[in-house]
Amino acid sequence: IMSTSRTIICLLRNDLRLHDNELFHWAQRNAEYIVPLYCFDPRHYVGTYNFNLPKTGPFRLHFLLNSIKDLRNTLRSKGSNLVVRRGKPEEVVADLIKQLGSVSSVAFHEEVTSEELNVEKRVKEVCARMKVKVHTCWGSTLYHRDDLPFHHISRLPDVYTQFRKAVETQSRVRPVFPTPETLNPLPPGLEEGDIPTAADLEQPEPVADSRSAFPCSGGESPALERLKHYFWDTNLVASYKETRNGLIGVDYSTKFAPWLAMGCISPRYIYHQIQQYERERTANQSTYWVIFELLWRDYFKFVAVKYGNRLFQIKGLQDKHVPWKLDMKLFDAWKEGRTGVPFVDANMRELAMTGFMSNRGRQNVASFLTKDLGLDWRLGAEWFEYLLIDYDVCSNYGNWLYSAGIGNDPRENRKFNMIKQGLDYDNNGDYVRQWVPELQRIRGGDVHTPWALSSAALSHAEVSLGETYPAPVVVAPEWNRHFNKKPSGVGPSARGKKGPSHTPKQHRDRGIDFYFSKSKNL
């Protein structure tokens, strides 16, 4: 395939899109031939670092394979193609440079955590050896790294609110890169390569679950379709702040996270669409809240730049010694949804069956693992890494450190009350009954505390604690005040008469207002 024409290899990783993608924009201006390349890196399909859980689980792999297929179709429609290889990116790139003989540059988006940085380092070494230039871009955050109002990343505030206020007042979001109408072709004779199957990567095919709150497909096209649906077709974005703590259904939140994690949709594109929506339809707290959430994502990424591998270390960002336990029996009960605490179990089963869990659920199960069970937070972080479709290294580890009380949280010892949270956000118990069917004959809010029911009520509901459903592995003292007052019995509790699960008005800002609330009892 030797050619004298200039060829640029665009190494794609978590940037699986054509819109707002600086790599394509740059390569189109600087090369006759472009090689969009995706490598299935074998290191992504081994065990996690501490506990050897599988690193990429079936749900995320399925979503990734769909995203790769979608990108290949998009690139073909523009006169290009996606070259797919199985192997370490540094080795694949070296082979292509040898094979093509005309490669002038290798371009990629920069990442921030150690495994990704090691790949970048090795690719740069290969290119230096083979006298090929390297071109890098920054493209994963809403605010560009170079536009942050902190002269050095070491000055990044350790509290989100300070970061948010600074960027909102002193920085601006850059415009998106235009989507190319056509792309320069692959070099003649270059094989596109087969997209592997789940079996090729030694993963089972996930089974679709009709209860899933994220029955969506991977790829840029579905991502853009989702935004159109959530913003323009239904106006759901205008009530996002009221519904975002929901637990059941596809539309209680934007569900952008899985596409953002793989770069199928650009945070800048979402931002500019919000701006347009606010000009043309309505601007309110809900439309702003989507940006607020994108900023959290930015923040965790910049925290990872600031702290490096401390993100993954047991003492966290605060270098704090906590006597974490390693009780694998308790961990198994948590991960399999067998703790005997229905709100926790429902969320953990949803994750295991679908690869997705609500934001509200994540905060609760993380608090339960670290504060109620006292287990090593890294067990939870690695379990999420394995299962979450929307796993994003910085957000996942940043959030787990936050929950464990050793990350970016200005408040000491924040702990969620599982029973209060269950009654606040699933007041009628519909969510619990959906995922813990063995409790479905317990009506109303009583389903959150089966151990507090009389034996007559349990026998009427065909529940036998320790047999058909576990007795709780722990009962925290602060839970008592939320169930001792409830009338026990067969009928729905006083708490359970409100109809379907909803977010009570007084709690709508919970979870948003981490920093604005003085009350420790969440």
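Positions of Cβ are set from backbone N, Cα and C atoms, glycine also.
Curation does not apply to TrEMBL; its annotations are automatic.
Per TrEMBL, the features are:
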BINDING   TYR240, ASP390, TYR391, ASP392  FAD binding site
COMPBIAS  495-508  compositional bias 'Basic residues'
DOMAIN    6-142  domain 'Photolyase/cryptochrome alpha/beta'
REGION    176-196  region 'Disordered'
REGION    484-522  region 'Disordered'
SITE      TRP324  site 'Electron transfer via tryptophanyl radical'
SITE      TRP377  site 'Electron transfer via tryptophanyl radical'
SITE      TRP400  site 'Electron transfer via tryptophanyl radical'
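Rounded to a whole value, the Cα-Cα separation of TYR240 (FAD binding site) and TRP324 (site 'Electron transfer via tryptophanyl radical') is 37 Å.
On a Cα basis, TRP377 (site 'Electron transfer via tryptophanyl radical') lies 16 Å away from TYR391 (FAD binding site).
Take the recorded positions TYR240, TRP400: by the count of other Cβ atoms within 10 Å of each Cβ, the lowest one is TYR240. Our reading of the FAD binding annotation (TYR240, ASP390, TYR391, ASP392) yields a largest Cα to Cα distance of 22 angstrom. According to DSSP, the secondary structure content of the domain 'Photolyase/cryptochrome alpha/beta' (6-142) in residues is 61 helix, 32 strand, 44 coil. According to DSSP, the region 'Disordered' (176-196) comprises 0 helix, 0 strand, 21 coil. Among the recorded positions TRP324, ASP390, ASP392, the ones whose Cα sits within 10 Å of the Cα of TRP377 (site 'Electron transfer via tryptophanyl radical') are TRP324. Calculated from their C-alpha atoms, the gap between ASP392 (FAD binding site) and TRP324 (site 'Electron transfer via tryptophanyl radical') amounts to 24 Å. The distance from the Cα of TRP324 (site 'Electron transfer via tryptophanyl radical') to the Cα of TRP400 (site 'Electron transfer via tryptophanyl radical') comes to 14 Å.
Taking the Cβ of ASP390 (FAD binding site) as reference, residues of its chain lying under 8 Å away and at least six apart in sequence are, in sequence order, ALA257, PRO258, LEU260, ALA261, PHE356. In the shown protein chains, 24 other C-beta atoms lie within 10 A of the C-beta of TRP377 (site 'Electron transfer via tryptophanyl radical'). Just so you know, of the recorded positions TRP324, TYR391, ASP392, the Cβ with the fewest other Cβ atoms around it within 10 Å is the one at TRP324. Here the domain 'Photolyase/cryptochrome alpha/beta' (6-142) has a mean pLDDT of 97 out of 100.
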